[in-house]
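Below is one structure, written out as structure tokens, with a few remarks after it.
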Amino acid sequence: MVKLAKAGKTHGEAKKMAPPPKEVEEDSEDEEMSEDEDDSSGEEEVVIPQKKGKKATTTPAKKVVVSQTKKAAVPTPAKKAAVTPGKKAVATPAKKNITPAKVIPTPGKKGAAQAKALVPTPGKKGAATPAKGAKNGKNAKKEDSDEDEDEEDEDDSDEDEDDEEEDEFEPPIVKGVKPAKAAPAAPASEDEEDDEDEDDEEDDDEEEEDDSEEEVMEITTAKGKKTPAKVVPMKAKSVAEEEDDEEEDEDDEDEDDEEEDDEDDDEEEEEEEPVKAAPGKRKKEMTKQKEAPEAKKQKVEGSEPTTPFNLFIGNLNPNKSVNELKFAISELFAKNDLAVVDVRTGTNRKFGYVDFESAEDLEKALELTGLKVFGNEIKLEKPKGRDSKKVRAARTLLAKNLSFNITEDELKEVFEDAMEIRLVSQDGKSKGIAYIEFKSEADAEKNLEEKQGAEIDGRSVSLYYTGEKGQRQERTGKTSTWSGESKTLVLSNLSYSATKETLEEVFEKATFIKVPQNPHGKPKGYAFIEFASFEDAKEALNSCNKMEIEGRTIRLELQGSNSRSQPSKTLFVKGLSEDTTEETLKESFEGSVRARIVTDRETGSSKGFGFVDFNSEEDAKAAKEAMEDGEIDGNKVTLDWAKPKGEGGFGGRGGGRGGFGGRGGGRGGRGGFGGRGRGGFGGRGGFRGGRGGGGDFKPQGKKTKFE
């Protein structure tokens, strides 16, 4: 290796000085002076190669690393020349540029000052020179392949011409790997043919430099965009390979490695766009994944039940086909005298639904749970889907004002055709509310009309629709038939001595009369009178209202809030606590003249409702608005208009009970300032506010302390 370096010394010096100053040929004999000139020429030539700078961006990669490593060990310029000649190694300009090219990597390894100065220029010419290096060397075949590669690169570079001027330093890293192929063989051929071909090559160099500049610049820019980071390690690897100039196989391996690196770089460039598009693809994939389970759900739930009487059947054998399962399930129920309308199975065939003709068949079918179908014990239960809830709500009634001691059996005696009764309780105590489910919607409507106001355990029950009907009922205030026109009158202030026969004489067109009684068989002071049509009920209301029966003036109202749609001087208050007194009731409506609570004659206990009289309809209206949705003694009361029994007093003062410091407590009460009662100072309740109202305004809500 040392001998080769010496031989390359003399020859390399002559080559370096040859191109610009032809004095190199004359001074080739003196080696020491050429070394000095090489150093000086390297500095001067830095300016010259800048024009060709973009050409060699890629080539110097391997050469640069090798030159530096050898520079540190052997300062002679001979080795610099030996490694650098890529393709144009023989050409003198190539050698001149080679010396600076070696300095390119120096910023990391050697002096930083030289590296900065030479970075743009050296690498650029190094790439251009290799083009001729292979012609004089033994690797003529390699030169041809390199030229082909350059042509291919030129084609690729045409696409990237717009980006030529970007990143001058990055390009050398990628392309510098290829020209090194001919590097080891080039110096050997130069020793034999340099003297003969130098003149010719110099001329050729000058002619081709102009053309090669454009070609190389295009090539380097095309690959210069690629990330240099991956190619850098390959340079270090090439250093070890280039030290052994006699092994051509290693050069071939370098070529393969370089091609792989180039491919990797190309892939990186191509991957930049997909990375941006990836989120979109991922979103599509995510939506597809999300849509999949929904599609399954639709397949399972897609078929609507043919009847409202359906059961869920689980633990089916999924190894059987749909037809086999349907046939087996139908046969099972047919053997038990149950007619099946339809059988629907899920997509996984592990469960399904069975539709029956009637509620009786459904109840009988529930008893068959645990029987085997294709070796599996089936599970039968009522479905809990949204559709079944709507169906059940349509045929279910809500019963209110029930006795707290009422039982399901007692309700069953009243609602004989009820399919299910559910009492609502809290902390083990009944809330006086129950849900009564019937077999059909028609049965529910029939019971609402017939049993509305029925006395159960000493209390008059109030019935309401549930579900969508119940919501409409609340908006319209109708508690009677679904048509909204009540055929029933509610008679209040009835004498306790009055009987059903007495009322039949007064209301001749009545089709049904009910006089509720207490457990002791005594009348409660009110009655329900049903007529054949709404017109008959309305006629009786107009003709018999305020009629005196057995010493008392009766009050008639159409059942439901429609009967009390017109304001009067009297409010009907329902939902009172058993502990509420007339004094408390009157104080709750401060503008009231009088208040009375309906009590049982025998026991003297409250019936849960009462009446409050005012001096005028305006005062009553203001009080009603103030106490709407209000509470009295912890019970939420319901207000409605009633026909006054007597004349009022001296006028009301507005807001309801409560307010700051009132029964409503610190939160404003029901009638105070800002309270739910909407009464009080400036409230809808009117004049001066409720008992607790009108005081200092305290903002509602949580307090925030700042330390």
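Just so it is clear, glycine is given a Cβ too, placed from its N, Cα and C backbone atoms.
Per Swiss-Prot, the phosphoserine annotation among the candidates Ser145, Ser483, Ser565 falls on Ser145. Checking the candidates Arg386, Arg472, Arg691 against Swiss-Prot, the annotation omega-N-methylarginine falls on Arg691.
Feature annotation from Swiss-Prot across Ser495, Ser543, Ser616 places phosphoserine at Ser616.
Annotation for Lys372 (SUMO2 cross-link): same-chain Cβ neighbours under 8 Å, separated by at least 6 residues, are Ile378. With all protein chains in the displayed structure included, the most crowded Cβ environment within 10 Å among the modified residues Ser460, Ser577 is that of Ser460. Closest in space to Ser460 (phosphoserine), of the recorded positions given as Lys400, Lys446, Lys621, is Lys400, taking the CA atom of each residue. The recorded positions near Lys379 (N6-acetyllysine), taking a 10 angstroms Cα-Cα threshold over the set Lys446, Lys574, Lys586, Lys621, amount to none.
Using a 10 Å Cβ-Cβ cutoff, Lys379 (N6-acetyllysine) registers 14 neighbours. Within 10 Å of the C-beta of Lys326 (SUMO2 cross-link) there are 18 other C-beta atoms, taking all protein chains into account.
When the recorded positions Lys326, Lys446, Lys514, Lys574, Lys621 are screened for a C-alpha within 10 angstroms of the C-alpha of Lys400 (N6-acetyllysine), no residue qualifies. The CA atom of Lys586 (SUMO2 cross-link) is located 14 Å away from the CA atom of Lys574 (SUMO2 cross-link).
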